[in-house]
Amino acid sequence: MFRLWNQLTKPRVTVLVLATVLPGMYLGTTGYPSLTVISITLFGTYLMSSASFILNQYIERERDAVMYRTKQRPIPAGEISPTFALLLGIVVAIVSFGILTYFINLLTAVCALAALLLYVFLYTIWLKPRTEQNIVIGGISGCIGPLIGYAAMANALPMQAWVMFLMIFLWTPAHFWALAIFLKDDYEFAGIPMMPVVSGIEKTVNQIFLYAIAYSLSVIGFYFVDDRMGYLFLLSAIVLTVLILGFAYRLKLSMDKVLAKRFFFFSILHLFLVSIAIVIDSKI
């Protein structure tokens, strides 16, 4: 059962979501956030993220069955029924909303629920099967982590929270398009219009490079938005910017699928390190 839960809920992806919640929590209070509030907020967010992925796999069960990467997921593999997955996703989402509303505040719960609704309805159902820009618009759902964190501490969403939202919004296309390059044949076989399938790898790597530039500018720009950010964050942002732009430029020149996969994983590490830098510098 634990194995099936992990396959349904993508815990490794959820860890990154939770990592983007923490900076919002640390910026949302003048002191240190309560360990109890942190734990409940992260647990509630974990449940809502898990519900999103369960419902995503319910909706995509037929596409998953024809893709090599996903055909062994629990629903297409016949290990659980679609009806059970649907009910499980709904119940987990309700539990998450209840926990966040009762123990934290309604704004936090609404932000978490908005992330689920955007991911399930806007991205999975509407955009993903229809346009190569699916991840640009649909990726909004993955940007809400800082809003959840800030709302949990301040019960408000000031400019700093929205700049962090923008940061992740600009990070998302380069991150996912790199994976789409590596999995181009799989997406093409399943008829999913990811950018490498529709427009080719050359256009995709050019777009990755442009989004990497925009994302890097937003990271450095955060230093000027929040006066709690000091030279530690600025130095970290500059070093990380040089690294990701260098990586994106190499990918632009080579158009290599293996390098695209490496960029995908590096971008995860990059966002994680940016989040850590924000957390540390906000309290020293």
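Note: Cβ is positioned from N, Cα and C throughout, glycine not excepted.
Outside the transmembrane segment (13-33), and at least 6 residues removed from its termini, the chain residues within Cβ reach (under 8 Å) are 41-42, 45-46, 49-50, 53, 142, 145-154, 160-161, 164, 168, 226, 228, 268, 271-272, 275-276, 278-279, 282-283. Taken from Swiss-Prot, the feature transmembrane segment covers 13-33 (among others), and the record attributes it to sequence analysis.
Annotation source Swiss-Prot lists transmembrane segment at 35-55 (among others), citing sequence analysis.
Taking Cβ pairs closer than 8 Å, the transmembrane segment (84-104) reaches residues 8, 37, 40-41, 43-45, 47-48, 50-52, 54-55, 57-58, 61, 74-75, 112-113, 116, 151-152 in its own chain, all 6 or more past its ends. Per Swiss-Prot, transmembrane segment is recorded for 84-104 (among others), and the stated evidence type is sequence analysis.
Under the heading transmembrane segment, Swiss-Prot lists 106-126 (among others), citing sequence analysis as support. Long-range Cβ contacts of the transmembrane segment (106-126) within its own chain (Cβ-Cβ under 8 Å, at least 6 residues beyond either end) map to 41, 44-45, 48-49, 51-52, 55-56, 59-60, 93, 96-98, 100, 134-135, 137-142, 144-145, 147-148, 151-152, 155-157.
The transmembrane segment annotation in Swiss-Prot covers 134-154 (among others), and the record cites sequence analysis as its basis.
Swiss-Prot lists 163-183 (among others) with the feature transmembrane segment, giving sequence analysis as the kind of evidence.
The feature transmembrane segment is assigned by Swiss-Prot to 205-225 (among others), with sequence analysis given as support.
Sequence-remote contacts of a segment are chain residues at least 6 beyond its ends whose Cβ falls under 8 Å from one of its Cβ atoms, and for the transmembrane segment (229-249) they are 174, 208-209, 212-213, 215-216, 219-220, 222-223, 262-263, 266-267, 270, 273-274, 277-278, 280-282, 284. Summarising the annotation, Swiss-Prot assigns transmembrane segment to 229-249 (among others) and lists sequence analysis as the type of evidence.
Summarising the annotation, Swiss-Prot assigns transmembrane segment to 264-284 (among others).
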Interface present between the transmembrane segment (163-183) and the transmembrane segment (264-284) (three or more C-beta pairs under 8 A): yes
